[in-house]
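As written in TrEMBL, here are the features:
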DOMAIN    1-106  domain 'MARVEL'
TRANSMEM  7-36  transmembrane segment
TRANSMEM  48-72  transmembrane segment
TRANSMEM  84-102  transmembrane segment
Amino acid sequence: VLSFIIFICYIASLASSFMMAPLMEFLLALFLFFAYTFKLNEKFKGLYWPLSDFLRCVTAAIIYFAISIAAVSRYSDGASKAGGVFGFIATIVFAIDFYITFNELVAFLKQGRSESPEERKSE
């Protein structure tokens, strides 16, 4: 929801060149939400779902931080400033999500290592 709000703010502002990042993040988050809702993570075992969510959080936090600094410092209209402020809030939210997802990723990777090499050979 926050990515969609930032997207709307950048469309209405002079900083419309920044609108692609929140749009892509919104669509990617929507895809992962529906993938987890429809249990695609259980159907496609070859894809490391926690890793894809982790990478999404890391890149989103970095990109939102960078474009928020640029939007607040370069443009003087209210919509650009609002998009920048919401971008800073999104950076904090994605940093928290990054931390939570990192712990899940570590647990996921430890679960995969718990198998012994003999068990893998028998499969």
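Glycine is treated like the rest: Cβ placed from N, Cα and C.
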Can you give the mean pLDDT for the domain 'MARVEL' (1-106), rounded to a whole number?
89
According to DSSP, how is the domain 'MARVEL' (1-106) divided among helix, strand and coil residues?
90 helix, 0 strand, 16 coil
